[in-house]
Structures are given as C-alpha cells and as structure tokens.
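A.B. asks: Structure incoming, see below.
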Amino acid sequence: MIFHTGTTKPTLVLLCCIGTWLATCSLSFGAPISKEDLRTTIDLLKQESQDLYNNYSIKQASGMSADESIQLPCFSLDREALTNISVIIAHLEKVKVLSENTVDTSWVIRWLTNISCFNPLNLNISVPGNTDESYDCKVFVLTVLKQFSNCMAELQAKDNTTC
C-alpha cells in the first residue's frame with residue numbers, strides 16, 4: 001500500500017466542508033434556483049399577473065383600453081433574462097406608485113427577483129402623458145398589467161406545446 005503524507009487529508013476535508021457550506025448558502029447569494037422552484041415561481045407569476053390585470057381592468061379601469069404604443073418586453077429565461085426582468089420590475093414598481101399602492105405588485109417583483117440569477121438593474125421608466133392626470137396613469141397601469149399578463153399567457157401556451 002502507498003500512504004500519502006502531508007496535507008492531502010486535511011485539504012480534502014476542508015474542500016468537502018467548504019463545498020457543503022457553499023451548496024447550502026448559495027441560494028442566498030444569487031445562485032440559480034432549482035427547476036422545481038422555477039416551475040412553481042412561473043406558475044405563481046402566471047396566476048398573479050392574470051389576477052392583477054383582471055382586478056384592475058374591472059375595478060379601476062372599466063371601459064378603458066390599453067395604450068399599444070407602450071411596449072413591455074416579454075418574460076424570458078434566455079440571454080436577455082436579466083434585462084427583460086429588470087425592465088418588467090421597473091414597470092411594475094411604477095405601476096405600484098402610480099396606482100397609489102392600490103395595485104400591489106410586491107409579490108410579483110419579489111418572484112421575478114428570485115428567479116433572476118443576478119440583482120436586477122435599477123431602471124427609471126418614463127410614463128407617457130401627464131402623470132398628474134388620473135386617466136393617463138390608469139391607461140399606463142392597465143397597459144403594463146395587460147402586457148405582462150399576455151406575456152405570461154404566451155409562456156403558458158409555449159409550455160403546453162412543448163410538454
């Protein structure tokens with residue numbers, strides 16, 4: 001038998017301990033989430049986006065139509081994920097402010113942040129029209145909620161065709 005002398009054994013023990021520590025702590029440092037958690041989060045986003053849009057369009061923007069000139073990127077998990085998620089989060093934060101917190105987007109923002117591998121970029125979204133006008137604010141909020149809901153529904157359709 002060949003016996004190794006030196007620091008091999010302590011190094012392996014240290015490596016195993018650090019590897020275990022990193023594996024248990026990595027989720028809090030922005031590591032990718034598991035596929036199960038991702039699937040659950042996407043399902044929650046789909047449902048919440050639809051609920052937010054339906055509630056707002058019925059209760060606060062009845063009879064109004066969305067502004068087609070405002071374009072929100074669709075949700076994706078490809079190379080543009082960080083940028084798309086950052087833009088969506090910025091729009092949803094603006095929705096919360098413009099609706100005077102009557103539209104609570106905090107859960108959606110939290111879920112989007114959780115599935116992003118990096119911290120989302122801080123973006124400033126300009127609102128078309130006069131923000132002092134209630135109508136312009138409502139149209140903006142309705143448009144963002146509708147587009148986000150539609151994007152999540154399209155994601156649902158793509159999921160159903162690939163399964």
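Each residue, glycine too, has its Cβ placed from N, Cα and C.
Just so it is clear, the model here is predicted, and its values are computed rather than measured.
Annotations for this protein, taken from Swiss-Prot, read as follows:
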type     : residues : note
CARBOHYD : Asn55    : N-linked glycosylation site
CARBOHYD : Asn84    : N-linked glycosylation site
CARBOHYD : Asn124   : N-linked glycosylation site
SIGNAL   : 1-23     : signal peptide
A.B. asks: Tell me, by DSSP, whether Asn124 (N-linked glycosylation site) is helix, strand or coil?
C.D. replies: coil
A.B. asks: For a quick check of understanding: among the glycosylation sites Asn55, Asn84, Asn124, which residue's Cβ has the most other Cβ atoms within 10 Å?
C.D. replies: Asn84
A.B. asks: Where Asn124 (N-linked glycosylation site) and Asn84 (N-linked glycosylation site) are concerned, what is their Cα separation in Å, rounded?
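C.D. replies: Between the alpha carbons of Asn124 (N-linked glycosylation site) and Asn84 (N-linked glycosylation site) there are 14 Å.
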